[in-house]
Structure formats: structure tokens, C-alpha cells
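The structure under discussion appears below in the form of C-alpha cells.
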């Protein structure tokens, strides 16, 4: 039963292993992995001969050496993720090298089995096993791909289908066992060549709990029963045993330091990589137990190496605690658009759930007014749900490198995204782009987005809305899980965030040139105006800013309060101070743009939310391409209080929800903006802002030519006059 469990386990490991991720491993990680294979294998092989062994046990050095080369990828990923260093430079290097060493460990095991199974037929065993691997790669995998293509999309896989795959696994194990290696080698290779991610996920879902929860513990019991601590020092001293344990544990550290002398790897980082690479997985027990079954590891050498493996794995968690998150040591200052300087680089992270998001995002980026004087760096993050393969790695794409010849669905989408952003970069001045693909579960996707934003020090995150416009004009959910991801990003983002919604405009236009900002007040609205102000620096863009002010009859200044829910941080809102900050920022805006003929500013004094709704809907007559509004966290106004109670999508705020869910004749896009606010920089229950405290006399503003075309009929219209 124990050996049946490791055969199924080998099949699951092959099923989840992503060979393409191994082929994309960076040069630094490759050097670390090569050194992490050569040095531990050589050291383990040498230490093996310190102990008295029979002539028939000389081949045991292969199992000792192979056991020391293993770095448990899955175990290490969980440890680094728990310590929040998975996405640091050290974490990326050690995880990438662990993938390579994990793959090579299976090669070492196959070699050791071929050598020890039949001394007289070793050449036949090796040649037959290699031929079987090539057969699976070049014939079995294409055959499975053909069968999967013939399966109707969305039909799913029947029990007969799954049983047929498991039968193929058993047949593969039988074939490699006949060749003189082991059934688990055949099962591993068969799992490795299964092409469909959906099929992989289906099989893993049906097998994983049974194998890991019931079968594999039996194997652990067997390994424990074979271990005898008493015989470790039976024919040698404990001093020699301790010496072997120390050297074995230091093998990975020696290999990393060796890389540091020949490559651009700092000593501190090399030591951290070496210590973290000591994490071991079930694969080590499989190698050692197989060596004892083959009769080349006696009880002493087997038990000693089991102790070494336990000690090495125990080192990893304390070592991970001591590793500092390197990227946090560099200051991260520009987290909002409002505080950014116009001549500085503007860094944006765009999140892409599917290729339909690309035109809308490119449209917004083209409107963002990049120039050599005010450059924009865009990080395009393709987000893919983790199915099948277990590696939750970030793939950095080389835009100049051709994609695979026969790309998968995800790779084809990545190629499309890369091409779109390359085209945007080539057609724009002052723009740099870089594309990534992140495979992760929806439950942790928001954490990965925030981690990338922090790592790249972006000032703004753009996330698509979870609904998209259909052919009949309705907004429908494309994936309910995306809504949870967006809410998580809004709650935990290290910078400002924008939710982008397309209502048909991006389908026929490549950029927006008629922009409207609906200003009700508060930090989110100031951030929305700051972004629109940047866009309006392009003289071809027309910007209309409409400030909605409650009349004195209806407005009662509320007391300072805490505003927050499960999807956002709790903020102390001082409304009087917020109003002063709004007046100050708008005064600066009017002063700076008063001579611009393409910028218009209006103030509407209204009585209630009904008048506000009518005013907003009347703006549809002006055919605006893009509406930019703040999310309105914590800002209570008589003009929006009633709307907030009826929000279908609270994450958009009351005004954003109105623009998205209401009926409008003209097509347009909507950007809902939330400003980043560092909550530990509060004083006296108010929010700190970079705006100055000069609340002086307001400066006149040129009235818009459109003032009589849709605003005067609602409440009191206030226009700015140079004379008064």
C-alpha cells in the first residue's frame, strides 16, 4: 500500500509540474541550481564512504548524493509565503532554482534505480527508460491533445475518461517496472505529458485528498519503521556522525557561496539562498527508502540520512525569519497621483483578467498623456486562475522574444497582451512597458496584485470591473470571483486604485478626448481630479470639471466620524477640514488652468439626490468619452446619501454605481478612483494631505461655453467671473 501511494504521488507531482516554467528560469537561478546539484551530490557521495559498507552497497552513494540535491519546491513555497518573502529577490531566486533541482532529482532517482536494479542489464534499462520518455513526449502527449480537442467544450470529463487516464498511469508504471527502474518513474512521466490544464485540475481534485490524506501517511509510517536511531553510531563515533550531519546540512550553503564567487550574487543573498534551499520534501524519503529497498543502503546509512533531512528542514523556517524583505528597505514615496511631480516617472500597474480588458486599458493609457518630460512606465499583469500546474510563479515576458510555436490558451492570450502593449509603447513617446503573467488562486490574487504594485513602486493600479457590456447593451458578470479580487485590492492596495468600466466606447475609439470629472469632495475626488488634470495637459483633450455643492438649506455639517467597511481601511473623516482641502486644491486647479481654452469648470448648487441624478444624466447630451469620479469613501453628502442606500456595486461608490448601472444613450468609459491614504499618518482625527494650508481668496475662472446647454435648469448654477 505504501508503494502504491508513492506511485500515485509521483503521478500527481508530474501532473502539477510546469516544465515551461523550468525552461524560463533566469540565468542567476540556473547557476544556483547547477551548483546546488553538483556540490551536494559530490559532498554526499564522498561522505557516504566514511561509513563501513559492503561491496554490494557501494552504489548507495547515488541515493545519498541525490537526497542532498533535493530542494522541496512545494514545502519551500509555503514557508516563504508564510514569512512574506516569496516575492523578494531572494525568494524568486531560491524558488526558481528549487524547480530545477526538483526536476533533476527525478532524473537522479531513475539513474540510481537503473544502476542498482540489474547490474548486468544496466544499459538496456537506461536506453529503454529514455525511449519510453521520448515515446510519451512525441506520441502519447499529441494523442491525448487530439482526444481533448475532440471533447466538446464545457462538457467536462466523465468518470470513464478519468479512469482511462488512471489506467494509462498504471500501464506506464508497469512498463518502467519491466524496464528495471520503478513504477513511479512511469507514473511521473505520464503525469508530466498530460496537456490540458482543465483535465489536470479535474484529476488532481479527485485524487489529491485520497492520496495525500490516506495513502501517503501509510508511506510515512513505513519510512519511520525502517529508521533505527540506535544503530547510527554502532560502528562509528557520535563525533563522526555529528561531523557528517553538519557537512551535509552545509552542502547547499557551500554551493550558493560558490555561485557568489563566480556570479553577480551578493554574499548575504547567497547565504540566505543556501540556507533556504535546505528545505526537503517527500521526494527525499522516496529516494532513501528506495535505496534501502534496492539493498544498497543499510539501516545505519538510511537512518543517518533521515536524521540529516529532518535537521536540514528544521533549519529553513528560522532562516526564513532572519531573511529581510529586501524591497521594503528602499523608500516607496510616490503612492498617489495628487502628490506626484509632473516631471517624474508615473508608474502604473494594469491588471488584465482577459483579452477583452486590453482595449479599454490601452485607451485609458493613451489618454494619460505620456511625454519625454513626463514619462509613464506601465506594468501589464495578466492574471490567470491557478488550475492544474502547482507553480504559483510570476512569469516576466520578453517582448522581443517570439512566443512558443504551439501556444496554450493562456500563452496565446499573453502573446496578444504583449503585442498590444508593445504597439502602445512604439506609438507613444515617453512610454515603457513590461508584461507579466501571474498564476494564482482567486483567493490570493489580490495579495499578488498588491505585492507586485509594492515591488514595482507604482503610484496607480488599474483593475477592470467584474462586469462587461454585452451585445444587447446590458452589463453582465463575467466572473463573480473577480469582484472579490477587486474588493481585496481596494482594501489592501499600497497606492491609489482605479476601477475601469467600459460602456462601449473603447470598441470604436483608441483614446478619449472629451473627459468629465464629477466632483463631490473628499480625497478620492481630489485624486480623480489630479489624474484628469494630467490628461488635460494634452491640448487635444477637453476637460469639464463639475463640482456638486449641496445648498445651505439642506447641508448640515456632520460630526467627525469613522468611515470604513470590510473592503476598505477605517479612516477618520473631519468634514470641515476636508472641505478646506477641497477648496484649496480646486483653487490651485483653477489658477493653473484659467488660461486654458480646453478646460471648463462649473459649480452646481443642488437640493437633493434627485436633482444630482438629473444633472448627471443630462451630461449625456455632451457626449463625454470618459467620466472620472472618486469612490467617495466616508464623505456623506445630501446629494449622495440616498444613492448609497441603493448601490448595486458598493465598491464603485454611489456616483460610480449610478454611471455604470443607469441607462445612457452615448458610449463612454468610467474610471472610479480611490486615493491611497496612509492611516498611521493621521492627527486629530483628520487626514493629512500634501495640499498647502493657504485657503485664500478664490480666483476667477472662465465660464464654459456649455453653461447654458444642460446645467442651469438644476438648482443654482455658479459661474466664475474675472471682474467679481
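Glycine is no exception: its Cβ is also placed from the backbone N, Cα and C atoms.
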Inset, instruction - Could you check which of 62-81, 182-201 is flagged in TrEMBL as transmembrane segment? - result: 62-81
Inset, instruction - Mind tallying the domain 'Cation/H(+) antiporter central' (376-506) by DSSP state, helix then strand then coil? - result: 46 helix, 41 strand, 44 coil
Inset, instruction - Could you tell me whether the transmembrane segment (62-81) and the transmembrane segment (210-229) are in contact, taking contact to mean 3+ Cβ pairs under 8 Å with a sequence separation of 6 or more? - result: no
Inset, instruction - With Cβ distances under 8 Å as the criterion, find the stretch in 30-50, 122-140, 160-179 that has the most pairs with the transmembrane segment (93-116). - result: 30-50
Inset, instruction - State the residues, same chain only, that lie 6 or more residues beyond the ends of the transmembrane segment (30-50) and have a CB under 8 A from a CB inside it; answer 'none' if no residue qualifies. - result: 60-62, 64-69, 71, 93-94, 96-101, 104, 108, 236, 240, 244, 247-248, 251-252, 254-256, 258-259, 262-263, 265, 273, 277, 301
Legend entry - Remote residues contacting the transmembrane segment (160-179) - C-beta distance under 8 A, at least 6 residues beyond either end: 7, 11, 124-125, 128-129, 132, 136, 140, 151, 185-187, 189-191, 194, 199, 202-203, 206
Legend entry - Distant-in-sequence neighbours of the transmembrane segment (270-288), which means Cβ under 8 A and at least six residues beyond its ends: 6, 9-10, 13, 32, 36, 63, 66-67, 70-76, 79-80, 90, 93-94, 97-98, 101-102, 105-106, 108-109, 112, 184, 216, 219-220, 223, 249, 252-257, 259-260, 297, 302, 305-306, 309, 312-313, 315-316, 319-320, 322-323
